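Below is one structure. I have some questions about it.
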Amino acid sequence: MGTASGDDDRHVMHQGGVNLSARRPFSEALRSGLAETFFPDDPFRGFGALPPKERAWGALKYFVPALEWVPQYGFDKFKFDLLAGITIASLAIPQGISYARLANLPPIIGLYSSFVPPLLYAVFGSSNNLAVGTVAAASLLLASIIEDAVSPEDNPELYLHLFYTSAFFTGIFQTALGVFRLGLIVDFLSRSTITGFMGGTAMIIIMQQLKGLLGMKHFTSKTDLISVVGSIFKYRHEKKKMPHLFWVSAIAPFMVVIIGGVFDFLVHGDEHGIPIVGDLKKGINPISISQLRFESKHVGIVVKAGLLSGILALAEGIAVGRSLAMIKNEQIDGNKEMIAFGMMNIVGSFTSCYLTTGPFSKSAVNFDAGCKTPMSNVVMSVCILLVLLFLAPLFKYTPLVALSSIIVVAMIGLIKVKEFIRLYRVDKFDFCICMVAFVGVVFFTMVIGLSASVGLSVLRALLYVARPATVKLGNITGTEVFRDVKQYPHAKSVPNILVLQLGSPIYFVNAGYLRERILRWVEDEEHICKGHGQDLECLVLDLGGVTSIDNTGIGMLGEVHKGLDRKGITIALANPRLQVTEKLVVSGYIKDTIGEESVFLTITDAIASCRYGLRRFRGKEGCSEV
């Protein structure tokens, strides 16, 4: 009668147990895995039920977001976009000229790059807040790479053509990432890396502007701190006492350019040694497709420049777009943004533009000015068009010290000291990643700083995979909840039973570590049990956090089972996922090694079964002794 009651309890306990018969065909599993990897947002859901024409129109709207917002566009939104567009145009003019000078390009190229790309972004971009233009960090990064092959002083024409070509490769790379939905590559640039890199870049850009601020004619083209300081001492005899125009930069950058230009014109500053921008010819962007250079001796350097600057531009643009979208509770599609940036740079390389993205400063101004749609970029582009057609020559007298002051003030905001302190408090490893980027950029080169920081980030990710956490779980009194005993010291261990939680995929890189870690947990628990005059009888593995397992991982579980079986310790699995149970069943681990009766939905069920097995085993021992 007691046996029947026990069998009934066991039958009830296994009702609704783990479904071990669930199997997916390989094609379905592959399709599901690819969809989760490349289409986590499932952008085409619901398309299957639509007629062919509506399906095609929906796909077209996905790739051309302007088709979604233009039909609903009205004057109520345009008045906000008009104000925002004019505002960011007033910022784009001085920044465009300044950043072109930073890259050692003709100043007019900066204005060209603020005309065509914004029009393309308005069509293909998905962010309502992003304002398109050139950026200081990418400008300096491109210059530092291309100057290794061609000098802007010795061969300015080839130097400019290589900038166009690098923008072309940047566009191809960015478009390919968007089309093939490989945005996960950009995720390797962590926020800590970007913070340190941008801070270090701001430092070296500020140092580079000492040439303009001090009125020096000669200066190093290198970006590291030692070279810049050495150059200041080497050419210190060229320093001139400049007008106090730098302090005017506290007002709007556009006003700095206007006031500086008028001041220089009235006092004939160029005749008194004040460097100016020089002639800016009127007219829209000339076609530059014939100027792209694909010669073997240059293609390596432009591909390198295009890829590195492209990744940096994507990381900055998408991060800025997402940050501003969150404030408005909006969503942007990272893959659409990649396609938009790619189209901007491909067409831009054909129309005398160099690399463009969504800079933080300009996008923040666009957001604060109340933009509603990407139409603000169109308004900015129209303003730049008017400048190119009618007003460009008026900027001839802009003093370089004014442009340098604009850049310095813009860069100071990128050195986020508070963020450095926050990272140190929150995560010391993230702080190290940030500082590696910062120090690498300041004391070595931008490429070294970025590469070292990314490498350290990847190493950290690999360490998390190779050395995953395993924790011992205890029961919260009065509940069926089990939690980490270190985090919840009042959680009680279960007598004779060890409950461990594995919280990561089990692969070949971590299988050996997990085997040793599990066996060490078992040894420690055996000592604890013996101290209480008991024996460890059962090990429960909570697999709820194990998203996948490979053949080496299955072999590791088999080895653990053999080792514990020799000690008389049984193994139970709790809450394994579908991807895990499929492989454990096919491999024979469940059926031939531990048995289907050792797999449970919850930890509570597993512990109840272990206790039942212990009572039954002890009952048999008692009968045999009698």
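Cβ coordinates come from backbone N, Cα and C, glycine included.
TrEMBL feature annotations, pasted as is:
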| type | residues | note |
| --- | --- | --- |
| TRANSMEM | 82-100 | transmembrane segment |
| TRANSMEM | 120-146 | transmembrane segment |
| TRANSMEM | 158-182 | transmembrane segment |
| TRANSMEM | 188-207 | transmembrane segment |
| TRANSMEM | 244-263 | transmembrane segment |
| TRANSMEM | 338-357 | transmembrane segment |
| TRANSMEM | 378-395 | transmembrane segment |
| TRANSMEM | 401-417 | transmembrane segment |
| TRANSMEM | 429-450 | transmembrane segment |
| DOMAIN | 487-610 | domain 'STAS' |
So which residues does the transmembrane segment (120-146) touch in its own chain, when a touch means Cβ under 8 Å and the partner is 6 or more beyond its ends?
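Distant contacts of the transmembrane segment (120-146): 63-66, 88, 92, 95-96, 99-100, 102-104, 110, 113-114, 152, 159, 162-163, 166, 197-198, 201-202, 204-205, 208, 221-223, 301-302, 304-305, 308-309, 312-313, 316-317, 320-321, 324-325, 328, 330, 332-333, 336-337, 339-341, 343-344, 347-348, 354-359, 362-363, 365-367, 371-378, 380-381, 407, 410-411, 445-447.
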Kindly report the helix/strand/coil residue split of the domain 'STAS' (487-610) according to DSSP, in that order.
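DSSP composition of the domain 'STAS' (487-610): 65 helix, 21 strand, 38 coil.
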Of the listed stretches 188-207, 401-417, 429-450, which one has the most C-beta pairs under 8 A with the transmembrane segment (82-100)?
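The stretch with the most contacts is 401-417.
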By Cβ distance under 8 Å, which residues at least 6 away from the ends of the transmembrane segment (338-357) in the same chain are close to it?
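Cβ under 8 Å, 6 or more out: 63, 100, 103, 105, 109, 112-117, 120-121, 123-126, 132-135, 138-139, 142, 163-168, 170-179, 183, 186, 285-289, 292, 309-310, 313-314, 316-318.
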Decide whether the stretches the transmembrane segment (429-450) and the transmembrane segment (158-182) have at least 3 CB pairs under 8 angstroms, with pairs required to be 6 or more apart in sequence.
no
